[in-house]
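Quick look at what Swiss-Prot lists:
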- 282-376: coiled coil (COILED)
- 472-490: compositional bias 'Polar residues' (COMPBIAS)
- 81-153: domain 'RRM 1' (DOMAIN)
- 155-236: domain 'RRM 2' (DOMAIN)
- 124-357: region 'Sufficient for paraspeckles localization' (REGION)
- 460-523: region 'Disordered' (REGION)
Amino acid sequence: MMLRGNLKQVRIEKNPARLRALESAAGESEPVAAAAMALTLAGEQAPPPAPSEEHPDEELGFTIDIKSFLKPGEKTYTQRCRLFVGNLPTDITEEDFKRLFERYGEPSEVFINRDRGFGFIRLESRTLAEIAKAELDGTILKSRPLRIRFATHGAALTVKNLSPVVSNELLEQAFSQFGPVEKAVVVVDDRGRATGKGFVEFAAKPPARKALERCGDGAFLLTTTPRPVIVEPMEQFDDEDGLPEKLMQKTQQYHKEREQPPRFAQPGTFEFEYASRWKALDEMEKQQREQVDRNIREAKEKLEAEMEAARHEHQLMLMRQDLMRRQEELRRLEELRNQELQKRKQIQLRHEEEHRRREEEMIRHREQEELRRQQEGGFKPNYMENREQEMRMGDMGPRGAINMGDAFSPAPAGTQGPPPMMGMNMNNRGTIPGPPMGPGPAMGPEGAANMGTPMIPDNGAVHNDRFPQGPPSQMGSPMGNRTGSETPQAPMSGVGPVSGGPGGFGRGSQGGNFEGPNKRRRY
């Protein structure tokens, strides 16, 4: 079911003059012929409806679809659908003007100049405009015959120097950047080959003016080839209606030229001589045009060859520049890589130097800490120093560094010289002056001094060979309460660790308490 918006009540003409006008218009355009045939067939086949009681004089009509008059892809209300209506009455109104074209669809533009007696109207499609022109041209309106023509397209441009690969769609796409394009056509010859020319029709004049200025000032390229298009205003020709006899002005020149009918000039006459000269002039013009066209064609071919060679040279130059740029970039990348390697080496060296400095700092700090601890805690030899001292003193037996022979641990018997000093090694020691001693106990296998004689003889006298006579012993000393058992003896001169040195071991006061025979000395 068709929409009512696409339907239109159209009047069927019974006038033979109108039918002849439709036939003449149908001979000019196939769409118009189809529309006229549809109107005629519909008028013949449609049953005559009953006349309306309210309007008995209303002419008969039928309903048609307006969309059937549109070509596939055709745009509506374009400049090509615009009609010029001349010889209008001066008192015509806009409503009367619209009512004149209401049977051909809804118009979109209506303009009337009553002073000069003309107007413009734009219909929906080109086919409807052609039908309206064919029907209304010459119609008497208020005793004045109407003159209807297609209006000149003021927004149309001619495009030259087109490439053979340019199509209608590409041409429309290229010029759409200046404004809405209604139609773009590439002109071809009878074989369908592009002639290098075309035309573009815009919807309004400002975009056409903009395209004309931009293409004239710059070089507008449509394809890869640097071949700019030439844009010019389109020359308007009326090749449909031409100049009918009824529009000719009957001047004196008109009547003079129309005195003789069309004829062929007879050879040898005045007419034939000058007619031949006119033909020779036209032939010369034709030859010159052909020569000019030939020169232009050769110049174009030469320019295309030079352009192709220059394009190859330009491409080679671009390739060389790109190669040089890549080489420069590679060299720069290599330099950056070398700089990065140098930086990494420097950073590694700095890290190694920092690590070494930190280790030295740690070692120095450790030594300072050790020295500080030794200074704070006094002379306390560590384990390694004790071991070194023990190795230096030598193993003197299973009892320790000092293995003093006494009554409870007698030394092995033997005659090995005088008894050594208690706790003293005989190496690097000076001799003790005094009377020679008898045979004493032998040295132990460890080389330590073993005193074989008991510290207290049988008579109870205490020998003072080891300790010189000192002040009275302090209280608490184990030797302090032996009254009457000890007789004072003279101290042995020269007894000491070194010959001629002080008595005793030379450490501290000799008058100190001695708590036991095997007590080790303090450090």
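Think of each number as a place in line: the chain as shown, counted from 1.
Cβ coordinates are placed from backbone N, Cα and C, and glycine is handled just like the others.
Across all of the domain 'RRM 1' (81-153), the predicted model scores a mean pLDDT of 89. Taking DSSP states H, G and I as helix and E and B as strand, the domain 'RRM 1' (81-153) has 22 helix, 21 strand, 30 coil.
With helix defined as DSSP H, G or I and strand as E or B, the domain 'RRM 2' (155-236) counts 21 helix, 28 strand, 33 coil.
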